[in-house]
Amino acid sequence: MKRCLALARLGAGNVAPNPMVGSIIVCRGKIIGEGFHQKYGEAHAEVNAINAVQNPELLQESTLFVTLEPCAHQGLTPPCSDLIVKKQIPRVVIGTVDPFSKVAGRGIEKLRNAGIEVEIGVLEKECRDLNKRFFTFHEKKRPYVILKWAQTLDGFIDVNRGRNEFGEPTWITGDLALRLVHKIRSEESAVLVGTNTAEKDNPSLTVRHWSGKNPTRVLLDKNLRLPQNLNLFDGSVQTLVFNSKKQEQNNQIEWVKIDFEKEITHQILEELHHRKILSVVVEGGKQMLESFISQSLWDEAHIFIGDKFFYDGISAPKIQGILTQSEMLNNDWLKILANPRESN
Ligand code: AOF
Ligand code: ZN
């Protein structure tokens, strides 16, 4: 299963909104075929592993290992469980059940009904962690939410007016953090900012200091007051503008009308879920971050800590989480927290 996990990871960045899946076929203690889900819309892991076996007769005395339950449905490709039955593979070892409603146990049922011996739950935690976005998406019906901000050593995310005395934006962290933020963007499906951040920082929210694809840009502009010459409106990347006035699309930019009388974060997450967006990075500002925190609508928080003091300004959001990772470089400059609450 460890080998399957390593294979699955090779699909990173190319399979969303599908999960990363890896599979091997073992005959008499030897791996005779390996495969992984390489690209969204293309063959599933099991199909690639089966096709990699040079002598197909051996399948009838082999065990197939796979990180995720073989699918039972006709999607963009035919059901993997049918193929396994057809190839008469006598034993299947599965990392974890598939949470997708069209599968969710039906794949396992098909295999067992055909007399195949099925073992479930090998390295289950690792298999779930690998696809934490996919599991959150299907189980909680919302994208996996990553909060991100930078704060000074004395706990501020900005000076009061957003500019220093020379009228320049105030940087909290350095080049390394910038790169890492771009890497994170390249790995997630969407990036979200509030109105103030969009206007004041004029961010592009694209991936420039790393390779990979740009996430969908998402912003909030209740009264459509943001100037159209902001970088976010340059039309280079798919951009969703949540607002109270219009529902309209103009090439890459789409205005999505929501009800500002009601809770906004839920509506945003619901719309992103509807659009099959598996994960979103919330990049600010304070108000936006705090609304996700207060409702416990977050899974991870990445807090970048600079080496400056502002002494005064906008204080960082208060958050309680479990420290899962901390980078050591002079001092802890990046803390990664996990949400301790399961019920969101
Ligand atoms: C598997 N093996 O390698 C993967 C599975 O529309 P499709 O055909 O691409 O199917 C997508 C769904 O199939 C996806 O939501 C998930 O439930 C499952 N993914 N299943 O047996 C694989 N990638
Ligand atoms: Zn499949």
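Every residue gets a Cβ built from N, Cα and C, even glycine.
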Site co-member for Zn(2+) according to TrEMBL, given C71, C80, out of H37, H44: H44
Of E117, E119, E271, E283, residue recorded by TrEMBL at the substrate site of R185, L205, R208: E283
One of A150, A190 listed by TrEMBL as binding NADP(+) at the site of W171, T197, D201, G285, K286, Q287, M288, L289, E290, S291: A150
Contacting binding-site residues for ligand 2, chosen from L205, G285, L289, S291 when the Cβ sits under 6 angstroms of any of its atoms: none
Binding-site residues whose CB lies under 6 angstroms from ligand 1, from H44, C80, R208: H44, C80
Cβ-centroid neighbours of substrate site R185, L205, R208, E283, 8 Å, sequence order: V181, H182, V191, P203, S204, T206, V207, N214, P215, V281
10 Å Cα neighbourhood of C80 (Zn(2+) binding site): matching binding-site residues from R208, G285, L289: none
Under 8 Å by Cβ from G285 (NADP(+) binding site), counting only residues of that chain that are 6 or more apart: I157, D158, V193, G194, N196, T197, I314
Reduced DSSP assignment, A150 (NADP(+) binding site): strand
Among R185, L205, R208, E283, the record's substrate binders - longest CA distance, Å: 16
